[in-house]
Structures are given as C-alpha cells and as structure tokens.
Amino acid sequence: MGLSVSKLLSTLFGKKEMRILMVGLDAAGKTTILYKLKLGEIVTTIPTIGFNVETVEYKNISFTVWDVGGQDKIRPLWRHYFQNTQGIIFVVDSNDRDRVTEAREELQRMLNEDELRDAHLLVFANKQDLPNAMNAAEITDKLGLHSLRQRTWYIQATCATSGDGLYEGLEWLSNNLKNKIPFQENKLQTTIPKEIIYDVSKFINIHPGGASVFFDDDIAGQDATEQFFNLHRLDVLEKPQYKRLIIGQIENEKPVIKFPQPGDLSEVPYGEPSWLSQAYHSPYYKESHKALQNWMRKFVDTVITPDALAREKDGKRCSDGVVEKMAQYEINAMRLGPGKHLHGRTLAEGIVKPEEFDYLHELVINQELVRHGQRGYGDGLLAGMVIGLPPVLNFGSDELKARIIPQVLSGEKFISLAISEAFAGSDVANLRTTAVKSQDGKHWIINGTKKWITNGTFSDYFSVGCKTEGGLTMILVERTEGVSTEQIKTSYSTTAGTAYITFDDVKVPVENTLGPEDGGLLVILSNFNHERFVMATASTRSIRFVVEECFKWANQRKVFGKTLLGQPVIRYKLAGMVAKAESLQAWLEYVGYQMTKMTYKEQSKHLAGPIALLKMQCTRVENSVADDAVQIFGGRAITQTGMGRNIEMFNRTYKFNSLLGGSEGEKEYLHTRDADARQKFWMPKSARL
C-alpha cells in the first residue's frame with residue numbers, strides 16, 4: 001500500500017500508546033481487516049474466544065486494536081472493552097442489506113455509553129468489491145451518521161481482502177486522535193534552544209498551532225531550535241507560562257541563543273548607530289551622552305516596553321506607574337530640550353548636569369524611547385506634552401507657568417496641542433475656532449472644533465489656536481464646562497488618545513492667553529523646528545529598528561535550501577535599507593550638532609529649512625523601507641502577531657510621520673522658501689558654464 005502502517009503510526013501517533021476498539025456485526029470482516037493491518041515488527045497475537053487483540057511495538061509506539069466478536073450473544077460484552085478507548089472502528093458489511101438496521105441499533109446503543117463519549121468514530125463500509133454493496137453515502141444514511149452532531153466521525157469505503165481504503169481510514173483516525181493523546185508517565189520533550197530541555201506534555205493540547213507539529217521526527221525529543229525560530233520570536237521563551245515548561249539543561253552544552261538583558265546593545269549588523277560601536281568614533285558625543293544612552297536603554301527595556309506591548313493591545317493610555325517614573329527621573333522635562341526649565345533638577349539619577357544637557361542628549365532620549373516599536377503607544381507616551389507645553393513654557397505668564405508646568409512635568413496633569421481642524425491643518429491662518437472677549441473683557445469665549453489632537457482624549461489642558469478679531473491667538477484651555485472630547489479611530493491604536501474636540505461657549509480667563517493677543521502665529525511656529533527635529537529622531541531610529549528586524553529574519557528564515565540572507569536579491573534590499581538608515585542618522589546628528597551651537601534665533605534663521613527637509617526625507621525613506629521589509633517578511637508582514645508584528649505595525653503607521661508636524665509637500669515648500677530668503681538660489685550674473 002506504499003506507506004507501511006508501522007511508519008504511519010510512528011509518524012502520526014507521535015510514539016504514544018493508542019487504544020482502538022474495532023466492533024461490528026459478525027461476518028462484517030473485522031478480523032480480516034485486523035490482520036491486513038498487522039504491522040509486521042514485534043507482533044503478539046492473543047487469540048481467545050470472543051476477541052482478537054493485536055499489539056504492535058515500533059519505536060516505543062504501542063498501537064493496540066481490539067477485535068471483538070460480533071455474534072449477538074457476545075455483543076453485550078462489548079462494554080467491557082470501552083474503558084480508555086480513544087477510537088472506535090465500526091465495520092459494516094456493505095453487502096448485508098438485511099442487517100444494516102441491526103447494525104445501526106448496535107452502533108447507536110454503543111455510542112450512548114458514557115465511556116465512549118469522547119471517542120472518535122471511524123466507520124469502515126467494508127466489502128465494496130461485492131456487486132450489491134451499498135456505497136458510503138447509502139451506508140451513512142442507513143446508520144444515521146448525520147445525526148451524530150456532537151461526535152467526530154468519518155466513513156471510509158473499504159475492501160479488507162485487497163486493503164483498499166484501510167490506510168486512508170486509519171490516517172484520518174490518527175490525524176484526529178493525535179490531538180487527544182493522553183500524556184501520563186511518558187513525556188514529550190524537546191530542546192529549545194539547543195541546551196535547554198522543555199517538557200511540552202501539558203502544553204501540547206492548547207498549543208495555538210495545533211498538536212501535530214510536536215510529533216514531527218525533527219522536533220519530538222530533538223533539538224528544535226531551528227524549527228522553533230522559524231515560527232516564533234525569542235520573547236516567547238521569556239514568558240513565565242513557557243519558562244515553567246523547562247525541566248533541565250544539557251550539561252556542558254554551550255548556549256547557541258543569547259537572551260538579551262536590559263541595556264544590551266544589539267549585536268546585529270547596523271542594529272545600532274555607529275557612535276555606539278567601540279570600533280567607531282564620533283565628533284559629536286561625549287561620555288555623558290553614552291552614559292545617558294545606557295541608562296535610557298535599561299529604563300525603556302524594563303519599564304516602558306512591557307507597558308507598551310500591553311497598552312497597544314488594550315488601547316488604554318500609558319500606565320500611571322510609567323508616567324510617574326518618567327517624572328521621577330525628569331524624562332518628561334528632558335524631552336522638552338535644553339533650557340532653564342531643567343535647572344535645579346536631577347536628570348536621570350544625575351548622569352548629566354542640567355546646564356550640560358544639549359540637543360544631542362535629547363536625541364539620545366528620543367531614539368531610545370521608540371525602540372519598543374509600538375507606534376500608537378509612542379505618541380500616547382505624552383507626545384502631546386512635547387508639543388503642547390512649550391507654548392506655556394515660552395509664552396505663558398509667570399503665574400500660569402508656576403501653576404501648569406509642575407503639574408504636567410510631574411505627570412499629575414496632561415496637556416496637548418490643539419491646532420488642526422477639519423478646515424485647516426498646515427494652513428494655520430485659516431483656523432475657524434473663534435475666541436471672543438466677554439463684555440467685561442475678563443474672559444475669552446471659545447467656540448469651534450479641533451481634530452486629530454494627539455493625547456486629546458485624556459488631556460487636562462489644551463494649548464488652542466483660536467481666530468480672534470485681529471488675527472490668531474494662542475490660549476490655554478482647561479478641561480471644563482463646554483469642552484468635550486471624542487476618540488478618533490486611526491491607523492494606530494487608541495492608546496495615543498487621538499481626539500476630536502468640541503468647544504461650546506467655553507469661558508477662559510484672559511490670563512490664559514499665551515503670547516501677545518493676535519500674535520498666535522508666532523507662538524505656533526516657534527516650536528515647529530523642535531517638533532520636527534523630535535519627529536526626525538524618532539523616524540530615523542524606527543527605520544533602523546526595521547532594518548534590524550529584517551536582518552534577524554533573513555538570517556533565520558530558510559528558503560530553497562538556504563537562508564534569506566544567502567539570497568542575492570535579499571542582500572541587495574538590505575544593503576539599500578542600511579545605506580538609507582546610515583545616511584539619515586548622519587544627517588540627523590549633523591543637524592543636532594548645529595542646534596547645540598546656535599541660539600534660538602539662529603536656529604530659526606538657518607535651520608528651519610534643513611530640519612523640514614530632513615523630516616521630509618525621513619518619511620520618504622520610511623516609505624521605501626516599509627515596502628522592502630514587507631517583501632522580506634512576506635505574509636508575516638501583514639500579520640499583527642508573531643514574527644512580523646513589528647513590520648506590520650511599521651507598515652500600517654509610518655504615514656503618521658509624513659503628516660504630523662506638517663505634510664511632506666509643506667516641508668518642500670518651506671525649505672525652498674527658506675533657501676530663497678537666504679539667497680541660496682540666487683545666481684550671480686557672472687556665473688557661466
């Protein structure tokens with residue numbers, strides 16, 4: 001029959017003991033079937049009155065078939081063989097039309113027994129070689145099999161003398177029974193990684209990928225490292241529910257898999273910026289930058305990443321405990337960049353002095369903060385504060401700053417920037433939200449709406465751009481009567497708190513005005529360079545994160561007999577991705593360094609265009625890197641869980657960076673306008689080829 005029963009059982013039953021009960025009316029062909037299936041290795045035949053039993057051992061498999069006599073006087077004894085039976089083979093003489101009703105009654109009576117409640121049923125419609133034999137469909141109807149809705153059953157047309165259909169039926173039975181194999185004293189063990197032994201006996205029946213994979217010859221009892229990492233990420237093995245499956249370690253076996261520890265640098269080529277490698281040197285970074293990077297890496301690995309993964313799933317905002325720890329170590333304050341607001345604070349347990357903190361320190365913080373890979377959570381982690389608090393910090397009254405800034409930096413209160421509307425985005429001069437002075441001149445009365453406001457759903461304060469009588473005015477609005485927020489569903493998760501905000505006759509003290517009345521455009525534009533610089537730092541690091549993921553996958557995924565990394569077309573894609581990531585990092589560090597050497601006014605004059613162009617280039621590179629990563633990961637890149645989850649997340653959310661802080665087209669215009677203003681495009685009359 002091609003595939004021997006011995007091999008079939010050793011492969012599909014996974015080297016376990018199976019108890020099968022074969023019954024049917026007398027003369028149905030049970031004994032003929034039993035001996036046709038005899039496995040031919042170590043066979044013990046125990047003939048006795050009323051039943052035959054064949055027990056075959058093959059590679060520690062014990063497959064036992066009980067052939068119980070079918071005479072009417074013996075049938076009452078069938079129940080004595082029901083205990084511990086996993087499968088039933090009911091044999092029907094397809095040519096015996098006179099007794100098919102009797103066969104049905106016996107089958108139904110047997111299936112009503114509690115001990116067979118969970119047993120799978122295989123019906124052999126035997127003797128199909130006879131001319132008057134009923135076919136499988138007719139037998140199904142005669143036996144009433146369609147009424148067995150609570151039982152797994154299958155009917156197979158067979159001929160015991162030739163063996164036709166026997167192996168097909170047996171294979172169906174084995175495929176269904178292997179998910180119900182009882183694990184008692186025997187243990188199904190495997191090693192993942194090579195030196196660690198796991199007992200998966202209690203896990204196999206709840207394995208999301210099914211039980212069958214555990215019975216492959218190259219997994220059960222074997223080193224399954226390669227097979228495991230073809231299907232699972234390393235962090236699966238670090239989960240407590242799977243660590244409990246470890247039962248030992250192979251002595252003197254050298255580990256082949258390194259579990260990363262908090263603070264570790266990536267060992268993957270181009271997985272880190274070159275300045276973090278001992279082999280390279282940078283003119284930009286000092287020891288305080290390196291110390292801050294190491295401290296932030298540990299903080300992100302231990303505090304932020306676990307919360308990011310959890311909140312990305314449930315859609316809730318970042319946990320209070322995370323916000324409190326960020327405030328404790330003054331991370332919130334450092335994210336606003338260098339300045340007087342840092343004076344008197346202990347930054348990251350004293351690693352860097354407030355007066356020495358510069359834009360490259362901020363670059364380090366921002367690049368570490370995005371390494372968790374959860375885009376929605378990244379914005380939910382107080383991105384609204386980074387852009388919403390500077391108007392208060394730089395333009396608020398002393399009283400307002402004294403009250404608001406400590407609350408926000410401590411994590412007690414949240415703030416967001418509310419500029420964009422359904423009517424206007426980058427074109428802030430056309431905002432429609434209005435602010436009108438009350439008759440006594442002591443309050444602003446605000447009406448209008450804002451849209452796509454990051455952190456808006458949970459903010460306590462809003463820095464709002466309003467249209468006033470003489471132009472545009474920025475006003476700090478507290479969440480009070482007349483202010484309502486509604487969640488907007490976007491491409492990333494609701495943990496970002498993206499909101500639609502309605503202001504309905506909101507009464508705000510004029511003391512909450514930020515900057516000069518009708519001079520709000522200056523306030524809005526004042527932080528654009530910093531906002532776009534922050535976004536460029538995050539984009540650049542996210543791109544490198546994707547490159548690292550692609551290198552790991554290409555190194556462990558095998559196709560056509562070798563790894564993806566061994567395929568020239570994949571190496572070409574990776575080379576292009578690396579070149580783009582490295583060039584962006586170099587440009588970013590150059591811009592960051594220039595920021596450390598310029599005053600605010602000098603930055604506004606000389607860096608507005610370059611920063612805008614840098615951010616635009618970041619988002620264009622994200623587009624191409626996302627495309628290449630999807631092709632490298634294949635179907636896993638469009639699956640929200642598993643090996644390609646980070647690629648799916650990146651591919652679904654990278655467009656946010658091309659819109660937030662101004663669209664790409666607006667950046668191109670800003671750069672060329674800025675360059676023209678500085679006469680960079682002015683050509684001397686004497687210039688000739």
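Glycine is treated like the rest: Cβ placed from N, Cα and C.
Caution: TrEMBL annotation is automatic and unverified by curators.
According to TrEMBL, the feature GTP binding site maps to GLY24, LEU25, ASP26, ALA27, ALA28, GLY29, LYS30, THR31, GLY70, ASN126, LYS127, GLN128, ASP129. Cβ contacts within 10 Å of LYS30 (GTP binding site), excluding its own Cβ and spanning all protein chains shown: 27.
Within 10 Å of the Cβ of THR31 (Mg(2+) binding site) there are 18 other Cβ atoms, across all protein chains. Residues annotated as Mg(2+) binding site in TrEMBL: THR31, THR48.
Confidence across the domain 'Cytochrome b5 heme-binding' (197-251), taken as the mean pLDDT and rounded to a whole number, stands at 80. TrEMBL lists 197-251 with the feature domain 'Cytochrome b5 heme-binding'.
In terms of DSSP secondary structure, the domain 'Cytochrome b5 heme-binding' (197-251) contains 21 helix, 8 strand, 26 coil. Annotation note: LYS30 (GTP binding site) sits in a helical segment as assigned by DSSP. Following the DSSP three-state reduction, the secondary structure of LYS127 (GTP binding site) is coil.
Here the Cβ of ALA28 (GTP binding site) has 25 other Cβ atoms within 10 Å, regardless of which shown protein chain they belong to. Separation of the C-alpha atoms of GLY24 (GTP binding site) and THR31 (Mg(2+) binding site): 11 Å, rounded to the nearest whole number.
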